[in-house]
Amino acid sequence: MTSSSSSKKQAQDQPDISGSTSKSQRTKMSKSDEKKKLKDIEISVPLVYGNVAFWLGKKASEYQSHKWAVYVRGATNEDISVVIKKVVFQLHSSFNNPTRVIEEPPFEVSESGWGEFEIAITLHFHSDVCDKPLSLYHHLKLYPEDESGPLTMKKPVVVESYDEIVFPDPSESFLARVQNHPALTFPRLPSGYNLPAPMQVEDSGKKKRGDTKDHSLGQWFTSFSEADELLQLAAARQQVQAHIAKLRRQISLLEGQNQTINKTGSDP
C-alpha cells in the first residue's frame, strides 16, 4: 500500500542518519456531564503520539520505500486503555481502508509506502472519563531532517509529540476506577475524602497488552520527563538570549556606521 503525498523523496538523495524530533503540549478537556463530580480536582494523562519509519534499503522501490508505524502510547509506556476506549487513525485516501479503528491496545497502525502526509488521530474515551473525543494531528515523517548523506537501515526516523491530557472535575466513578494507576497523574484528595477500594482488573492479559514497556519498537521511543522539559526550556532560553545579544551587537555596529557616514557627509 502506498501514499500519494506530493512530498515524495528519492532514496538516493537522503541522509545517512535518522532524525528524532519531539514537541510538548498540555490539553485540557471539557467537563463531563455526569452529576457526581469532584470539584477542583484534575486527573492528567501523559501520552505520546508519533511515528517510527524504517527505510527498506535494497528492497526499497519507488512506491515502497519505508515501513512505518503510527501510534499513541503512555508517556511512561504504561497501559492507557484505562482511559482510552478506542483510537481512530485517518490515513491518506490512497490507502485501502484509510480509516483505521483500533479498539484494543496497543493503539497503533503499521503500514508501508513512500510519501509523507498528515494523519488525524482521534481519541475516544470511556463513558465515565469524557463524552467528547479529542483530535490530534501528526505529520508522518519518513525522511530525516539532515540530508547530508545516504539513507541507512540501522536507525529509523522517530518523530514523537508529548501531550498531557487533563480532565478537570472528574466523576467519582472515574476517579475510583483509575486510582493509583501508573499511567495517570493522580490528584491529592480533599481532607477526609475516601474513595472506594480500587477496582480489580478483569482481564490481566488485556492489561499486559496495553503495556508498551516490552514493545518491539520500545528501544526507539523518546523518553519524556519534567526534568528533560526543563533542560530543553533552559537551553532554548540560552539560545534566544545569545541571539538577542548578537542582534544588539549588529544594531550597535550599524548605528555606529550610520553616525560615521552622517558625520562625513556633514563635513565641509
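In case you wondered, yes, glycine gets a Cβ from its N, Cα and C as well.
Segment annotation: TrEMBL labels coiled coil over residues 230-264 (candidates 125-159, 230-264). In the predicted structure, the domain 'YEATS' (37-181) carries a mean pLDDT of 92. Helix first, then strand, then coil: DSSP counts for the domain 'YEATS' (37-181) stand at 10 helix, 69 strand, 66 coil.
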